[in-house]
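S.K.: Once you've had a glance at the structure underneath, I'll fire off some questions.
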Amino acid sequence: MKEFLQKFVSPYEKPIFIILIFILLQAVTQLALPLIMAVIVDEGIVNNNISQILLMGSVMLAVAGLGVGFAILSNYYISKVTQRVGRDAREEMFHTIARLPRLKFEFFGESTLTTRTTNDSMQVIQFINTLLRVVAMAPIMFIGAMILAIWMNPTLSLVILTPLPLIVLSVWFIAKKATPLFHQVRDQLDHIHLAIRETLDGMKIIQLYQKTKQEKQRFKDINSNYYGLSLSVNRLMTFLTPTMMLILNFSILAIIWVGSSLISSGNLQVGQLMAFIQYAMQIMFSVVMASVALAAFPRATVSASRMMEVLDESNISKEPINETIRKQVSHKSIYFNDVSFYYPGAEKPALFNVNLTIKPNKINAIVGGTGSGKSTLIQVLLKFYNPSDGSIDIGSSSLRELNDSDWRYAVGYVPQKSQLFTGTIEDNVRFGDMKATNQELFNALDEAKLSHLIEELPNKHQTVLKPKASNMSGGQKQRITVARAFISNAPILMFDDSMSALDYQTSNYLREVFQKKTKESTIIMTNQDINTVKYADHIIILEKGKVVATGTYEELTAKDNNFYVKGG
């Protein structure tokens, strides 16, 4: 929590100082009201002094009005600060997640990252809101009311002090029991989000195989666990307020009982007793306010630690992209030198002692069956994963030494599964280069064979894509992602088995585009069928993570190996 406060709250020191001033003034007005009331009773009502009642009544109204004004101002600034802290924390979380290395992203998981960005940030902000309201008010009210109570009657003030240790012990006990439960609740909430996400993403498969009942039962089990943990926490927390109120009521009863005897003996006036009861309530409520903040502390600490666990990964360079990187890697061979890669926890490597050369300004095809390591090789080349062993060089430069963002700026990439975003077709294509001119946009659309499709749409390239581009066919989505890569004009273009959704005519058309692109770019593509990429200048055969052959289509098919001819 301390680290979170330093990172996100400390920039707002000036408005927080203003908040503390307003809270101090508000506390002073609240402490003054019982004294004014005592004067009204003892000097005005008891003596039937109407002028004194009117005078002090006017003063009381003015002081109360000032208190309300200070409260409004402090609440305004508190809301302003807490909302800005929440905004900053969510933005920093989003930016960190966007820069997370692939392994870290997979380690956390999509559901927990979503929970930490939204729900956890809300829990922390609610605590900060409570903290700002209590941190100044509670101690000022406690100390001020205690001093005034002792000044009015030292004997009666002992009645207030007696139950305070009991309140502190109650809060400490509940907080100690609640902290581990809050951890379990947050983790179980992650499981709920994961289950919902998996169900929504796999709805077609669930319905196809008629597994709705099984999924309902799975979610019911997860939800029941969350319900049980939440119920345990809430049961524990519900003891806090009734305990505080019970102690408060018994304290007031004791004050009235002792105070009545002091009034009878002439050592205390009625107005003073009334003021004393008010101070006792202020003392107790200040302790209760502090207790509420302390009770919320375990929940907020858990949430803050979960957020900082992600934010601590934000050690990735935030330097501007070095745009000269494209010249640095253009027309350069890419060398894999004894590259091996293991997925976390895997016993066998996905890539093993890979030695190959990606030829510059050529069409390089990586061919292999399912599980051969084609996509893994592309992911390693994109620096989503680092090799477990070996090295990759771009010309004379080591890939490991290149900044991730710089390197990816030099690459245009089309994944296996088309990933499009909410927005227009143009927005999605320009994702490859936001600075592209309109002519470059139209060229990319034409190269991806999208121009004819767009002309048939009412809003042309301004057509808005629905979530997950559900208003586009698989082939249309694939062509948009291809156009996104083309508009980047990157010196290296990678296509990870991304032609499967395209028809034969479009595939042949793109083949011609690829051959033209080799004048400025190196093409790297993966495929399961060697016959589909027989036009490639250089073909690499992968099998179980190993390079088993390289050459042209003619060289490979001339060999006595049916695997190459059949394409795996």
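One-based numbering along the chain as shown.
Note that Cβ sites are derived from N, Cα and C of the backbone, with glycine treated the same way.
Annotations per TrEMBL:
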| type | residues | note |
| --- | --- | --- |
| DOMAIN | 17-299 | domain 'ABC transmembrane type-1' |
| DOMAIN | 334-567 | domain 'ABC transporter' |
| TRANSMEM | 16-41 | transmembrane segment |
| TRANSMEM | 53-78 | transmembrane segment |
| TRANSMEM | 131-152 | transmembrane segment |
| TRANSMEM | 158-175 | transmembrane segment |
| TRANSMEM | 236-259 | transmembrane segment |
| TRANSMEM | 279-297 | transmembrane segment |
S.K.: Does the structure show the transmembrane segment (279-297) and the transmembrane segment (158-175) touching, where I'm treating 3 or more Cβ pairs under 8 angstroms (sequence separation 6 or more) as a contact?
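M.R.: Checked: the transmembrane segment (279-297) vs the transmembrane segment (158-175), in contact.
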S.K.: Cβ under 8 Å, sequence separation of at least 6 from the ends of the transmembrane segment (53-78): give me the contacting residues as numbers and ranges.
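M.R.: For the transmembrane segment (53-78), the far contacts come to 15, 18-19, 22-23, 25-26, 29-30, 32-33, 36-37, 39-40, 43-45, 129, 132-133.
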S.K.: Under an 8 Å Cβ to Cβ limit, what residues of the same chain, 6 or more beyond the ends of the transmembrane segment (16-41), are close to it?
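M.R.: Residues 9, 52-53, 56-57, 59-60, 63-64, 66-67, 70-71, 73-74, 77-78, 81, 132-133, 136-137, 140-141, 144-145, 148, 269-272, 274-276, 278-279, 282.
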